[in-house]
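Student: What follows is a single structure, and I will ask about it in a moment.
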Amino acid sequence: MTEYKLVVVGAGGVGKSALTIQLIQNHFVDEYDPTIEDSYRKQVVIDGETCLLDILDTAGQEEYSAMRDQYMRTGEGFLCVFAINNTKSFEDIHQYREQIKRVKDSDDVPMVLVGNKCDLPARTVETRQAQDLARSYGIPYIETSAKTRQGVEDAFYTLVREIRQHKLRKLNPPDESGPGCMNCKCVIS
């Protein structure tokens, strides 16, 4: 069974733990209890493949930022979460993405941008803004509500699909030998 190491990142209070607990336990946690670091495991079937999700729910608070490099090194894919009613959390996504790219030493890291709390009427980040940001990063964007469960599975499962595609790209890199080459090999004897 394939195991996927997923890391949930984002500013404090955006609902990272609520999303994770909703996926794992089908339960909405409405009281805010800042996370230092929690790990969850769940066996799921995605596109016909049984797999084990190893999800690391991380601290959003700045005082725990020193711990980020460590979990970013071990993660295979990242849910970058902001709250649609918190513009600052949306602006913070850029810092998380840059730190992930730096720690992974790669521009090609599986990520999904997640706009959480879409059940709330007081939106300050428009869907179009988030879609544009995700497009500029070349990653999917999904709106979620940990409260209603909307988009929760979709966000995590899309990240697994991104990791799968990333692994395939690494196994079969695009042919860089030029436009005229048809992958022919010449043998001179």
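Positions of Cβ are set from backbone N, Cα and C atoms, glycine also.
Quick paste from Swiss-Prot:
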- M1: N-acetylmethionine (MOD_RES)
- T2: N-acetylthreonine (MOD_RES)
- 10-17, 57-61, 116-119: GTP binding site (BINDING)
- 32-40: motif 'Effector region' (MOTIF)
- 166-185: region 'Hypervariable region' (REGION)
- C181: S-palmitoyl cysteine (LIPID)
- C184: S-palmitoyl cysteine (LIPID)
- C186: cysteine methyl ester (MOD_RES)
- C186: S-farnesyl cysteine (LIPID)
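Context for these features, please: burial, neighbours, distances.
Tutor: DSSP assigns M1 (N-acetylmethionine) to coil in the three-state reduction, outside any helix or strand.
Taking a C-beta cut-off of under 8 angstroms and a sequence separation of 6 or more, T2 (N-acetylthreonine) has the following same-chain neighbours: E49, C51, L52.
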Student: In the structure shown, which of the recorded positions M1, G10, G13, C118 has the fewest other Cβ atoms within 10 Å?
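Tutor: Ranked by other Cβ atoms within 10 Å, the recorded positions M1, G10, G13, C118 bottom out at M1.
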Student: Give the distance between the Cα atoms of M1 (N-acetylmethionine) and C118 (GTP binding site), rounded to the nearest whole Å.
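Tutor: Computed Cα spacing between M1 (N-acetylmethionine) and C118 (GTP binding site) is 33 Å.
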Student: Among all protein chains shown, how many Cβ atoms are found within 10 Å of the Cβ of K16 (GTP binding site), not counting that one?
Tutor: 27
